[in-house]
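Input: one structure, supplied below.
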């Protein structure tokens, strides 16, 4: 009986593995260990060099990876130049850090021509950016290939700062990410800035009421109004995590609890009944099972980095990440 059962089991396991690979989930940690052993160290040193001269590249690269994964999957389609590409869409106009990816790619092409994908460079650079801002390090599975399609019209998939919580949850669920992933990944706003144009509407005439958004701490409001005057420069940038915009930590969630979230979509994490418990768990609220933001962020980033990835013979390895297809 043992022999009669073994063959079907082996075949089933093989079939399961083949199906998994066919679905594009073929990434693994250490993918380049033989084909390009220095790949990860080259990317790490490149990100570090750029960060030392311009720290804003860290949150920029983290956001870029996020924006890439939500459109056509994590395939570096956001890097492609040309008219009406993702890069030209309004949600992506203020992204920064493209020169870091280009620099890393140039070095990798010199060391290992045609081996390391732009998609993997972006995934690793996002992790290295978090580490440089005193955040956690996690193992990044690699083996992604680059996509050939980049359309500005596809960026409607991106979560927006005015989205309701139900819309945000649906956009994440459509990519295989749950409510905890949503709260965790939005916590990436602990580093970086936002332009005034994305939240100043909350400060003066919220929903045409002639007053500010009532969910903003009244004591905090004058500070925001001073930073973003009515009819002022909408491109002026303000830290998303008040008091700690350059350090990766859980203070972002403390600000939400204190009604000091910059973006409307961020503050809703505290006011919505389905997301608030996760914010509380990151804050270690008594009576709730606590969560470690650093640990969970790494887990959710790995999960996100495998959205609709192209592996095997699907996609390509671009020689120039910004190449127009």
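Glycine is treated like the rest: Cβ placed from N, Cα and C.
In case it helps, TrEMBL gives these features for our protein:
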ACT_SITE  67  active site, proton acceptor
BINDING   68, 71, 73, 75, 77, 86  Ca(2+) 1 binding site
BINDING   189  heme b binding site
DISULFID  36-112  disulfide bond
DISULFID  69-74  disulfide bond
DISULFID  118-321  disulfide bond
DISULFID  196-228  disulfide bond
SITE      63  site 'Transition state stabilizer'
What subset of the disulfide-bonded residues 36, 69, 118 lies within 10 angstroms of residue 77 (Ca(2+) 1 binding site) at the C-alpha level?
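Near residue 77 (Ca(2+) 1 binding site), where near means Cα within 10 Å, the disulfide-bonded residues are 69, 118.
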So which other residues, same chain and not among 68, 71, 73, 75, 77, 86, have a Cβ within 8 Å of the centroid of the Cβ atoms at the Ca(2+) 1 site?
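Result: 67, 69, 70, 72, 74, 76, 78, 147, 150, 154.
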Rounded to the nearest angstrom, how far is the Cα of residue 74 (disulfide bond) from the Cα of residue 67 (active site, proton acceptor)?
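Approximately 9 Å lies between the Cα of residue 67 (active site, proton acceptor) and that of residue 74 (disulfide bond).
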Which one is it, among the binding-site residues 68, 71, 75, 86, that lies nearest to residue 118 (disulfide bond) by Cα separation?
75
Checking the contact step here: among the recorded positions 36, 69, 112, 189, which have a Cα within 10 Å of the Cα of residue 75 (Ca(2+) 1 binding site)?
69
Among the recorded positions listed here (36, 63, 73, 74, 189), which has the Cα closest to the Cα of residue 228 (disulfide bond)?
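Among 36, 63, 73, 74, 189, 189.
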Let me check the 10 A CB neighbour count of residue 71 (Ca(2+) 1 binding site). How many other CB atoms are there?
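So the number of other Cβ atoms within 10 Å of residue 71 (Ca(2+) 1 binding site) is 27.
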Tell me the Cα distance separating residue 196 (disulfide bond) from residue 189 (heme b binding site), rounded to the nearest angstrom.
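Distance (Cα to Cα, whole Å): 15 Å.
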Using a Cβ cut-off under 8 Å and a sequence separation of 6 or more, which residues in the same chain sit near residue 196 (disulfide bond)?
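Listed in sequence order, they are 227, 228, 232, 233, 234, 235, 236, 237, 238.
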Radius 10 Å, atoms counted are CB only; among the recorded positions 63, 67, 189, which position scores highest?
189
Far apart in sequence but close in space: which same-chain residues, 6 or more away, have a Cβ under 8 Å from residue 69 (disulfide bond)?
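Expected: 175, 304, 305, 307, 308.
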Out of 36, 74, 118, give me whichever of these disulfide-bonded residues has the highest number of other Cβ atoms within 10 Å.
118
Taking each of the disulfide-bonded residues 112, 228, 321 in turn and counting other Cβ atoms within 10 Å of its Cβ, which one has the fewest?
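With the disulfide-bonded residues 112, 228, 321, fewest surrounding Cβ atoms within 10 Å: 112.
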Expressed to the nearest Å, what is the distance separating residue 36 (disulfide bond) and residue 74 (disulfide bond) at their Cα atoms?
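On Cα coordinates alone, these residues lie 21 Å apart.
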